[in-house]
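Features of the protein shown, as given by TrEMBL:
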- 24, 25, 66, 69, 70, 71, 132, 133, 134, 175, 185, 222: ATP binding site (BINDING)
- 55-183: domain 'AAA+ ATPase' (DOMAIN)
- 70: Mg(2+) binding site (BINDING)
- 186-256: region 'Small ATPAse domain (RuvB-S)' (REGION)
- 259-363: region 'Head domain (RuvB-H)' (REGION)
- 314, 319: DNA binding site (BINDING)
């Protein structure tokens, strides 16, 4: 799956960038910013498992990309005093791939599987007994000589990460004792992250500049850190080395990241729906073809933020651009489409209270 530089993982980075990315990752719950409820609960679960001398229950971390699922997995391993092995769903092609990882785990170690929703179904079947009973059954030979050999495993913790929890099978989901959803960050928390990262990078930065980067970061720490690194480059070449708000605005505009955090692909998606398909509804595959992007990338990387910000709504017939999208792009929304935009959470809450109150009166 191809992703833009701002939202992607670390596969596209050279060794120097990867080292920087590693340096920016917090190593303990105390250093982790945001996701307070998730972190508080994980601290309890980890502490209890350590006191009992047991392996931590298997953990499912789900939510949009870049919010800290991988970082939290490393923190869990660090707090447990355990080792961690990293892999991803698409890499585990055969049961033997999984067996090789599981049999090399020490007691209470962590196995992290990214994109766990993309596991091969055959591999997933082998994972069930490993998660429940700490054993796997390996089939040797084939035909009439086939026989099953049971291999015992050390107690371990599986941490699965996914951006699409709805694609997990029910049997797999049921085997996770802990399930936590990570949410988008607000600008204040992201500002704190940018300030911390700038200090680690030994880059002087003004707080208003950190806020400017934060508010254009789509609520995502990974994007905030990537934008900080690129803004640092502009400060070095175009300024004095200090990131001021003017440098931040100049850099972010040069990177085609607007004041609401929308980049060129976001606007291409919205313009495609509005200009080519009259505002929708239109299917995701059609949008992907028209934009020259993979449907899976649009669904996992771009669409969640556009829906969260109220620029797109999903219907049974496809995606539609909202009035907010037309306004943001400076386009006039056709009269027949007005009034169809989704209500915000703040608009819905008062109505629910009125309905509840009227029901009480009728009783």
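Cβ atoms are placed via backbone N, Cα and C, with glycine included.
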Mean of pLDDT values spanning the region 'Head domain (RuvB-H)' (259-363): 81
Rounded to the nearest Å - Cα separation of residue 70 (ATP binding site) and residue 314 (DNA binding site): 29
Pairwise Cα distance for residue 314 (DNA binding site)/residue 185 (ATP binding site) [Å, integer]: 23
DSSP-derived structure type at residue 185 (ATP binding site), helix or strand or else coil: coil
Residue 24 (ATP binding site) in three-state DSSP notation: helix
Per DSSP, three-state class assigned to residue 134 (ATP binding site): coil
Cα-Cα distance, maximum over 24, 25, 66, 69, 70, 71, 132, 133, 134, 175, 185, 222, record's ATP binders, Å: 37
Lowest local Cβ density among 314, 319, which the record lists as binding-site residues, within 10 Å: 314
Residue 319 (DNA binding site) and residue 66 (ATP binding site), distance between Cα atoms, whole Å: 24
Of 66, 132, 185 (the binding-site residues), the residue whose Cβ has the fewest other Cβ atoms within 10 Å: 132
Cβ packing number for residue 24 (ATP binding site), 10 Å threshold: 20
